[in-house]
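Notes to accompany the following structure.
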Amino acid sequence: MPALTPRVRRNWLPLLIAAVVIAVVAIAVPLFFQPTNLLNVGRQSAVVGVIAIGMTFVILTGGIDLSVGATLALTGVTTALFLDAGMVLPLAIVLSLLVGAGVGVLNGLGVARFGVQPFIMTLATMVAMQGLSLRLTNGGPKSFDNGDGFFTLMGSGDVLGIPGPFVIFLLVSVIGVLTLRYLPFGRFLYAIGGSLEAARLSGVRTSRTLVIAYAVSGLCAGLAGIMSAARLGVGDPTAGALSNLDAITAVVIGGTSLAGGIGGAVGTVFGALLLAVLANVLNLIGVSPFDQQIVKGAVILVAVLLAVQAVRRRKGGRS
């Protein structure tokens, strides 16, 4: 049997981590496997999972998107404003998705056309979108009248007993996996993450690909914002404050390299689920919300340190 390559081992890593976590949980917290609790884990993973799928596209190019949390808040606010103004739900959803994609296009243009570093560009966008959300709502949540069953489904409803938000997460995940594995656009993302200059010389339209990647990230954050508004029943300008960190953590735990070029959406799905499992188990054993933040911070730190070490090994192998 041939030895596993480092890339294959990285792709299997989320599955191995999941198996270990589930085994420990089975012994320590039997209540975890109650059907209602498992469904709750799926519901908890949905918003961060949707954002993380979009984030995967950006990180595969070697970039990062810090604006997704602010984009989530902004699209939740715009959805509330549109519905409060009497707009029909489908149009409100489409326009809010376009708002999210527009934020992504802005990021992509800054990175690809003007050469701004992704960290700086998306940080600036994050601050600007946070301010815009607060300005549109005068600093407070924006309520709206929602009597639409489909909108409720997006936030807290069920489909054949499965949480509606989790169904949306699965659909987005399938689209992400198929795009990255089978479409030329997916191959272009990996090529850019491997070497931007080499991708350009091989004929890849790198600027266009980067803009689309950031647009996908913004679109997914926009969808997550709509889901959040549907769940909360308000457009909250402060929602999603830590969503960017959670999404990045899910992507990194899932085996996608922060240097770009390695990883995929399947690992991101497991990363998002693992974060939801962690939060759920901490709740079940009675850990306070404040201590949960400490644990989550430790997980983020470990994930980033492992990712940095992987990047260093990768660069060392090239030299």
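Using the three backbone atoms N, Cα and C, a Cβ is placed for every residue, glycine included.
Features of the protein shown, as given by TrEMBL:
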TRANSMEM  12-33  transmembrane segment
TRANSMEM  45-68  transmembrane segment
TRANSMEM  88-112  transmembrane segment
TRANSMEM  119-139  transmembrane segment
TRANSMEM  159-180  transmembrane segment
TRANSMEM  210-230  transmembrane segment
TRANSMEM  242-262  transmembrane segment
TRANSMEM  269-288  transmembrane segment
TRANSMEM  294-311  transmembrane segment
What stretch in 88-112, 119-139, 210-230, 242-262, 269-288 has the biggest tally of Cβ pairs under 8 Å against the transmembrane segment (294-311)?
242-262
Take the transmembrane segment (269-288) and find every residue of the same chain, 6 or more past its ends, with a Cβ under 8 Å from one of its Cβ atoms.
14-15, 17-18, 21-22, 25, 28-29, 31-32, 37, 40-42, 44-45, 48-49, 52-53, 169, 173, 246, 249-255, 295-296, 299
Mind checking which residues of the chain, 6+ beyond the ends of the transmembrane segment (119-139), have their Cβ under 8 Å from one of its Cβ atoms?
64-67, 69-71, 73-74, 77-78, 81, 103, 106-107, 110-111, 235, 237, 244
Quick test of the contact rule: Cβ under 8 Å, at least six residues beyond the ends. What residues does that give for the transmembrane segment (159-180)?
39-40, 42-43, 45-47, 49-50, 53-54, 56-57, 60, 153, 186, 189-190, 220, 223, 227, 231, 264-266, 268-269, 272
